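K.L.:
Just passing along the structure, written as structure tokens.
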Amino acid sequence: RPFHVEPTNIVSVNDDMQRVTDEASAMNKRIHYYSRLTSPADRALIAPDHVLPAPDEIYVYSPLGTAFKVDTCTSGYGKNSSLVTIFMIWNTMMGTSILSIPWGIKQAGFTSGIILILLMGILTLYCCYRVVKSRQMIPLIDTSNWEFPDVCKYYFGSFGQWSSLLFSMVSLVGAMVVYWVLMSNFLFNTGKFIYNFVHNINVTDIVPGTNGTNKVICPSAASGHPPQNRSVMFSSDNSTGFELFEEWWNKSQTVPFYLIAVLLPVLNLKSPSFFAKFNVLGTVSVVYLVFLVTVKAAHLGIHIEFNWLTENEFFVPEFRILFPQLTGVLTLAFFIHNCVITLLQNNRNQENNVRDLSIAYFLVGLTYLYVGVIIFASFPSPPLSKECIEQNFLDNFPSDDIMSFVARIFLLFQMMTVYPLLGYLARVQLLRQFFGNAYPSLFHVLTLNLAIVGAGVAMARFYPNIGGIIRYSGATCGLAFVFVYPSLIYMISLHRAGQLTWPALTIHIFIILLGLANLIAQFLL
């Protein structure tokens with residue numbers, strides 16, 4: 001192990017000594033868990049600050065979430081309070097999916113979209129609870145350091161091990177592709193705003209839009225593709241320079257390649273721990289997006305008309321056949337099943353795990369509902385159609401919109417710090433399985449990173465539709481980690497205990513069929 005602590009042998013003679021024993025035992029287990037994630041030469045995941053009890057403060061760290069400090073009196077001798085646990089789960093789940101929720105509601109219809117968010121939240125919460133219980137149902141084996149892929153390996157052998165690796169890679173690479181598309185989008189709009197501001201250039205996109213200070217645009221109206229550089233110059237001191245900028249600063253043809261120079265070198269670093277310090281920006285970004293949505297809705301007002309079955313020029317029906325596109329997005333939006341055991345095992349009061357997990361899911365669903373419903377309801381129809389709502393709702397605001405510019409800056413910097421962490425986790429999972437080392441050589445790491453970056457560049461160049469990428473990857477990895485494996489493991493456990501009943505069998509087979517139908521529907525609609 002890269003970090004070793006001798007086992008603690010303290011005989012409990014009173015409550016204080018019992019607390020010390022429990023604390024040391026929990027610390028040893030967590031140190032062992034982090035030591036298993038990487039090679040001895042790599043110190044990226046060696047005993048982070050939140051593993052070691054400190055006299056006055058403790059750091060909570062999640063590789064895919066955020067890093068923040070809590071007082072010892074709140075966390076309780078190295079374990080997190082319910083409030084911290086709830087926040088960690090909420091913060092880990094909240095990601096890029098929030099940008100596509102309004103589009104998903106538009107695809108499903110306003111009423112059915114709200115219903116589906118509630119139902120998918122309940123369904124994924126139930127399956128997440130089954131994941132947490134799956135480790136506890138294994139008898140006579142110490143599973144304190146196991147995560148859900150370890151449980152899959154126990155029940156399904158090498159097939160469970162390799163299939164869980166495959167679906168985990170789908171979620172990781174899918175997230176990295178979405179990040180690349182969004183980073184290209186945000187970098188393009190940010191650069192365009194700065195160039196126009198510095199050179200005192202007033203431009204307007206050749207797309208339909210509203211008038212006034214709170215302008216909303218419909219980029220997809222000009223063509224069936226995402227918005228590009230199309231613009232008309234109103235006034236400029238140097239029209240030739242502006243045209244040259246338009247040629248070399250193109251959302252799909254040039255900007256995705258510029259990101260390679262920045263991100264590919266940091267992907268090859270042995271340790272990405274430096275970037276974890278900036279993950280608090282994820283929380284700031286989500287809070288700012290909620291603020292932006294609230295302010296925009298206050299200025300735009302509410303534009304709702306209920307059409308239950310028919311579609312008109314400006315509004316969509318309340319129920320649409322395209323609703324599986326929203327369920328695909330929501331599968332990834334509520335996805336935390338592959339790491340929820342780790343997040344909950346540091347909860348101070350383990351008897352509150354179900355309650356805390358339920359509260360976290362409620363808050364996540366409430367955030368998605370708020371952003372999705374407010375954007376959909378305030379979208380100015382007429383003069384624009386609800387069909388104009390983009391897969392990234394920030395694209396409905398022009399590049400010179402100040403509030404959207406700030407949001408893009410936050411999200412761009414946050415994604416550029418999270419992206420190396422995602423690449424590191426993909427490297428650890430894949431290369432350790434094949435070579436027994438997370439960094440076998442620079443050639444191996446560079447080859448893997450070139451493949452991942454190449455996939456991101458290709459998508460940003462030819463298919464920059466984050467809603468589509470999210471729903472495909474979400475439905476694929478969700479089939480295994482959300483629907484199939486938790487249900488199968490629960491049924492196998494009940495069968496071995498002689499407690500499997502027909503109602504339980506029917507319910508969980510139905511859940512598996514729902515996950516399969518969700519995946520198939522993504523390719524049919």
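Heads up, the Cβ atoms here are built off N, Cα and C, so glycines get one too.
Note that TrEMBL annotation is computational and uncurated.
Relevant sequence annotations retrieved from TrEMBL are reproduced here:
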DOMAIN    81-194  domain 'Amino acid transporter transmembrane'
DOMAIN    259-520  domain 'Amino acid transporter transmembrane'
TRANSMEM  83-103  transmembrane segment
TRANSMEM  109-129  transmembrane segment
TRANSMEM  162-182  transmembrane segment
TRANSMEM  255-271  transmembrane segment
TRANSMEM  278-302  transmembrane segment
TRANSMEM  322-344  transmembrane segment
TRANSMEM  356-377  transmembrane segment
TRANSMEM  402-422  transmembrane segment
TRANSMEM  442-463  transmembrane segment
TRANSMEM  469-492  transmembrane segment
TRANSMEM  504-524  transmembrane segment
K.L.:
Should anything in the same chain at least six residues away from the transmembrane segment (255-271) have a Cβ under 8 Å from its Cβ atoms, list it; otherwise answer none.
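P.N.:
Answer is 41-44, 180, 183-184, 187-188, 191, 249, 416, 419-420, 423-424, 439, 442, 445-446, 449-450, 452-453, 456-457, 460-461.
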K.L.:
According to DSSP, how is the domain 'Amino acid transporter transmembrane' (81-194) divided among helix, strand and coil residues?
P.N.:
98 helix, 0 strand, 16 coil
K.L.:
Can we call the transmembrane segment (322-344) and the transmembrane segment (402-422) in contact, meaning three or more C-beta pairs below 8 angstroms at a sequence separation of 6+?
P.N.:
no
K.L.:
With a Cβ cut-off under 8 Å, give me the same-chain residues at least six positions beyond the ends of the transmembrane segment (83-103) that come close to it.
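P.N.:
Long-range Cβ neighbours of the transmembrane segment (83-103): 60, 62, 64-66, 70, 74-75, 117, 175, 178-179, 182, 282-283, 286, 289, 329-330, 332-336, 339-340, 343-344, 346-347, 356-357, 359-361, 363-364, 367-368, 371-372, 375-376, 379, 389-394, 415, 466-467, 470, 474.
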K.L.:
Among 356-377, 402-422, 469-492, which stretch has the highest count of C-beta pairs below 8 Å with the transmembrane segment (162-182)?
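P.N.:
Comparing 356-377, 402-422, 469-492: 469-492 has the most Cβ pairs near the transmembrane segment (162-182).
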K.L.:
Which residues of the chain, 6 or more past the ends of the transmembrane segment (402-422), have a CB below 8 A from one of its CBs?
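P.N.:
Same-chain contacts beyond the ends: 63-64, 96, 172, 175-176, 179-180, 182-183, 185-187, 189-190, 193, 262-263, 266-267, 269, 272, 275-276, 278-279, 281-282, 284-285, 288-289, 292, 295-296, 394.
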